[in-house]
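Asks: So TrEMBL has the following annotated:
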TRANSMEM  A:250-269  transmembrane segment
DOMAIN    A:250-366  domain 'ABC3 transporter permease C-terminal'
TRANSMEM  A:297-322  transmembrane segment
TRANSMEM  A:342-362  transmembrane segment
TRANSMEM  A:382-399  transmembrane segment
TRANSMEM  A:419-449  transmembrane segment
TRANSMEM  A:701-721  transmembrane segment
DOMAIN    A:702-814  domain 'ABC3 transporter permease C-terminal'
TRANSMEM  A:742-768  transmembrane segment
TRANSMEM  A:788-814  transmembrane segment
Amino acid sequence: MIRIALATLRNRAASYAGAFLALTLGTAIIAMTALTLAAVSSAGFHGPQRYAQAPAVVTAPVTLTLKDDDGDPREFPLSRPKPLSPQAVQALSGTGRTVPDRTFSAQVTGGPDDQVGHPWSTAAFTPYRLVKGHAPASSREIVVGGGAPELVGGTVRVATGAGFGEYTVAGVTAPAWFEHAVFFADAEAARLSPQVNAVVAYGPAASVRAAVQGTGARVLTGGDRLLAERDQNGGRDQLRDAEGMAGTSMMLVAFVVVFVVIATFAFVVEQRRREMALLRTVGATPGQVRRMVLAEAFLLAVLASALGCAAGVRLTGVLRGWMVDHGVAPSWLQVDARPVPLVISFFLGLLAAVIGTAVVSWRAGRVRPAEALREAAGRRRAATPVRLVLGGVLLALGVQKSAAVAGGDQVSALSMQNYLFVPVLLVGGCALLTPLLVRPVLAALAWPLRRLGAGAMVVREGALFAGRRTAAVATPVVLAVGLGAALFTAQDAANAANAAGLRAGSSADYVLSAQGDGEIGSAVVDRVRAVKGATVAVYTPAEVRLSGDGDRYLGTLSAFAVDAGELAATRRPAVVGGSMGRLGGDFLVLDRDSAREFGVRTGDRVRAGLPDGTSVPLRVAAQTRTTVTGEIGYVPAAFTGGARPTQIEVKVAAGGDATAVAAALRAAVRDQPVRLSTRASLLDAEQAEQQRKTRLATGNVFGIALAFALLAIANTLVMAAPDRRRELSALTLAGATRRTTLTFVAAETVVATVAGVVLAGAAAAAVVAGQRAALTSLVGGFPMTVPWTSVLAVTALCAVTAVGTSVVATRLLVGGPAPRGE
Amino acid sequence: MKTDVMVRISQVSKTYGRRDNRVAALDGVSVAFPAGRFTAVMGPSGSGKSTLLQCAAGIDRVDAGEVELAGTALNRLSESALTKLRRDRIGFVFQAFNLVPSLTARQNVALPLMLAGRRPKRRDVDAALDRLGLAERRRHRPGEMSGGQQQRVAIARALVTRPQVLFADEPTGALDSRSSREVMTLLRELVDREGQTIVMVTHDPVAASFADEVLFLADGRIAGSLEAPTPDLVAARITKLEGER
Ligand SMILES: Nc1ncnc2c1ncn2[C@@H]1O[C@H](COP(=O)(O)OP(=O)(O)OP(=O)(O)O)[C@@H](O)[C@H]1O
Ligand SMILES: [Mg+2]
């Protein structure tokens with residue numbers, strides 16, 4: 001049997017080479033994305049990082065202890081622990097060498113958004129080493145962590161909570177992954193940030209503990225030191241973007257590859273039906289035929305998948321490079337060959353190949369030999385019941401998901417990552433229904449086809465007769481064009497809806513925001529508050545941990561601490577429960593989805609753990625409609641919990657002088673690391689930036705899938721070319737010139753492509769319609785655009801690939817009269 | 001002369017196509033092919049000869065009636081069981097050659113044995129080929145052989161399992177008169193020497209004259225038979241049958 005299998009393999013070299021190539025490349029890109037996903041969704045580092053070389057770190061409490069659902073205590077890290085009390089600092093000085101540590105926002109102009117300042121003496125126990133220059137020798141000198149060596153000797157402007165300052169770069173250190181540091185002379189650091197955040201104590205642990213006894217300070221040693229660090233997740237936070245992108249890529253790529261590989265392997269079996277029928281007449285049982293075909297596919301698939309996995313490991317470098325270059329992933333990211341993603345990719349490829357083969361060979365083996373011979377030679381249905389049923393099921397699921405999003409979880413329509421399953425299901429369903437559309441498309445193309453003269457008949461009958469070939473070509477076209485159109489359009493719609501939602505929710509005229517991840521200094525706040533004829537709202541981001549009866553943890557809410565009146569003047573949250581009037585001094589306003597998630601209702605009393613660990617009682621005063629911002633909450637301005645304001649929103653008072661207010665605001669922020677913009681221009685800028693980022697990500701994610709789909713189109717046509725030999729030589733004998741023959745082939749391919757594009761359009765339209773319904777109920781109306789350039793480019797690529805390949809392959813592989821014995 | 005019945009066909013009907021283009025290829029045909037005899041089936045084109053042969057050989061299923069092979073009723077057998085029975089007891093030579101294009105003559109002949117799970121002996125395979133004058137062509141693929149040579153490979157393949165019945169659908173249709181005579185002589189010898197049962201469809205009165213009996217078919221029905229045929233007698237009957245249409 002193996003010998004027969006091997007012998008037949010030789011005869012079908014083109015088909016098998018095609019299937020092999022499709023599976024190898026498919027597995028390679030699945031493996032590439034799977035490995036990348038595995039790398040970005042696990043922590044890069046373990047244990048204390050910044051304090052790795054500090055023997056003991058003394059801090060004020062750095063965690064808040066609440067109870068989980070079982071009543072067991074659970075420690076939550078604080079985002080802004082309180083400073084260490086002066087008594088504790090004093091007491092520690094007697095225990096041996098101590099180094100006070102300070103951490104504060106300090107941004108070098110043109111530097112990264114999240115730069116932080118530290119005193120230079122702390123560099124000793126952190127992994128910072130000078131690579132050029134020297135330590136800060138005066139209060140005007142700094143060392144830039146991970147800075148470019150060219151900086152040394154130059155003067156830079158550094159923004160801190162106290163405003164701008166000019167410093168000379170005395171030296172630069174090698175970069176550290178967990179932060180972007182700026183080191184000041186110790187005295188200068190103490191001036192900029194008088195509070196001591198932590199003390200690193202070198203003395204004996206016992207005496208250190210004894211010294212701070214009763215001051216409320218906590219001595220952290222060993223693994224606990226991590227609790228005092230800013231990044232406690234081993235770098236996972238920095239990988240969030242990369243994880244999102246890799247996750248989306250993985251899903252999309254796996255979907256396209258599995259689909260195309262199933263179709264390709266099924267096509268190979270289709271091509272062999274005549275041979276299988278022959279074997280049946282010679283005495284092969286249905287089971288024998290199936291087993292032979294399956295064994296062949298299995299062997300081929302094992303080889304191809306293994307090769308694909310090996311290639312995938314190499315390809316990860318390309319994807320990683322792209323992500324690092326485009327700022328999606330941090331440069332410390334390492335993607336290494338892990339077994340689990342490779343095994344998954346291997347089996348995904350293998351499974352797709354075997355499924356594609358099994359479905360068709362099961363059917364092919366079942367038919368009677370006489371029927372099989374006739375069927376192999378004659379017309380047969382391209383739309384098999386299995387295919388139609390499966391297509392129908394995918395479509396139904398897609399519609400149901402889409403309706404579910406529109407009817408409830410509308411926020412997920414804003415994120416392609418969360419919404420991806422809708423395009424995948426709808427486009428997949430349509431791809432399966434392709435064979436149904438060949439006839440209507442032919443009817444629609446009747447007029448242009450007629451211009452081919454006798455060719456019209458040949459092309460029409462050809463496309464119908466070889467329904468499977470038409471379907472095999474159209475399937476990747478549906479996937480590529482459908483997904484492309486759906487993703488690009490839906491992404492733009494999400495951005496537009498987002499902008500519309502933000503516009504609708506705000507009534508401010510001007511927005512002042514801190515530069516980068518910095519904060520707005522109190523001096524600026526005071527000056528802005530002093531501006532006449534304006535209502536000023538100061539927003540301080542305060543992450544609060546909510547707990548119910550018995551300290552039971554309910555959830556974490558990204559809230560803003562803001563004065564109730566100021567909030568009402570500058571933002572317009574749509575209240576769906578409770579009231580925003582007379583909020584009082586203990587209000588909690590939060591969006592409905594978060595309230596549902598936490599299980600709180602309007603009027604409930606909860607406790608809120610503020611960023612510094614202070615616990616305050618709050619009353620759920622109102623719930624707002626969940627909008628584009630997703631989870632959001634407001635607490636009284638007093639409850640900042642040590643956090644600093646990052647945004648000030650200004651509304652010109654009724655009858656106020658807008659130009660005067662603008663001038664006053666400009667004066668207030670002059671020479672301060674605070675950006676002043678009108679609300680409209682800020683939103684426009686944000687939308688543009690959002691658009692740029694998401695297009696980049698969608699482009700990359702989709703690009704991988706597109707490349708594979710194009711390959712599949714070319715591949716199928718090359719595989720199909722030898723089948724045409726008999727048909728085309730009959731045409732030649734009937735008097736068609738080579739040129740005419742090639743025109744027929746091209747026209748037939750165009751029919752298949754158009755059928756694909758029509759279905760793709762339908763699928764994309766369905767996706768976009770569903771998303772639009774969801775977004776409209778979320779934000780009301782928003783302008784909708786279709787990125788035609790991208791959509792048409794994808795369509796053109798598919799068409800050019802299809803027609804080009806079919807013509808070239810036909811020219812090369814088909815010529816002369818039909819060989820005998822077939 | 002043995003008189004056992006090898007294949008019995010009773011009231012068999014077979015219809016092709018759906019509603020508007022219905023064709024009754026066989027219409028209540030009953031016939032018995034005796035063991036150890038050479039029966040030829042003749043009739044105008046489209047009269048249902050190939051259909052009859054395929055139904056008798058279990059390659060196709062009948063719509064109504066019974067087909068019995070050496071006492072086994074075929075109708076109720078599963079597809080697998082039917083295939084196994086065919087593999088063990090029946091040889092079939094098709095109207096068109098139906099060799100597997102990717103396999104050599106030798107591999108094509110060995111195929112039924114391999115499918116039956118037997119290890120084909122090269123000697124047996126080569127003997128089957130040699131007997132049909134294909135000693136030189138063992139390693140050739142169908143595409144590298146003439147039509148007559150391909151047909152002879154197909155006959156060798158049908159005989160290699162030593163089937164109880166050999167069905168042949170126009171085995172000489174593509175052969176010149178000399179090769180055709182050679183093939184017919186060979187089939188005749190098989191019947192005479194080894195008691196092989198043969199049922200053959202042909203359009204050639206000369207070929208038919210090698211048979212013990214000729215059965216005539218017209219419009220899916222039996223239209224008579226002829227014992228001890230000669231080319232002239234056969235030709236006369238055929239001309240008459242075709243004239244009646
Ligand atoms: N698959 C099919 N679908 C529809 N009709 C068919 C099919 N196969 C055969 N027929 C019809 O059944 C009838 C009998 O066909 P069959 O092949 O048995 O004829 P035949 O006697 O072998 O003819 P020939 O001498 O030309 O080979 C014919 O009218 C033919 O058109
Ligand atoms: Mg016939």
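If you go along the chain as it appears here, the first residue is 1 and each next one adds 1.
Cβ atoms here come from the backbone N, Cα and C positions, even for glycine.
Where in this structure would I find these features, and how exposed are they?
Replies: Across all of the domain 'ABC3 transporter permease C-terminal' (A:250-366), the predicted model scores a mean pLDDT of 87.
Beyond the ends of the transmembrane segment (A:382-399), by six or more residues, the same chain brings 359, 363, 421-422, 424-426, 428-433, 435-436, 438, 467-468, 470-471, 766-767, 770 to within a C-beta distance below 8 angstroms of the stretch.
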Asks: Which listed range (A:419-449, A:701-721, A:742-768, A:788-814) shows the maximal number of Cβ pairs under 8 Å with respect to the transmembrane segment (A:250-269)?
Replies: A:701-721
Asks: What else in the chain is close to the transmembrane segment (A:701-721), if you only count residues 6 or more beyond its ends and a Cβ gap under 8 Å?
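Replies: Beyond its ends, the transmembrane segment (A:701-721) has Cβ neighbours at 14-15, 18-19, 21-22, 25-26, 29, 33, 245, 248-249, 252-253, 255-257, 260, 263-264, 267-268, 271, 466, 469, 472-473, 475-477, 479-480, 483-484, 487-488, 749, 794, 797-798, 801-802, 805-806, 809-810, 812-814.
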Asks: By Cβ distance under 8 Å, which residues at least 6 away from the ends of the transmembrane segment (A:788-814) in the same chain are close to it?
Replies: 14, 473, 476-477, 480-481, 484-485, 488-489, 706, 709-710, 713-714, 717-718, 720-722, 724-725, 728-729, 741-742, 745-746, 748-750, 752-753, 756-757, 764
Asks: Six or more residues beyond either end and a Cβ under 8 Å away: which residues meet both conditions relative to the transmembrane segment (A:742-768)?
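Replies: For the transmembrane segment (A:742-768), the sequence-distant neighbours (Cβ-Cβ under 8 Å, at least 6 residues beyond its ends) are 398-399, 402, 422-423, 426-427, 429-431, 433-434, 437-438, 441-442, 445, 449, 452, 455, 458-459, 462-463, 466, 469-471, 473-482, 485-486, 489-490, 493, 717, 724, 728, 731, 736, 791, 795, 798-799, 802-803, 806-807, 810-811.
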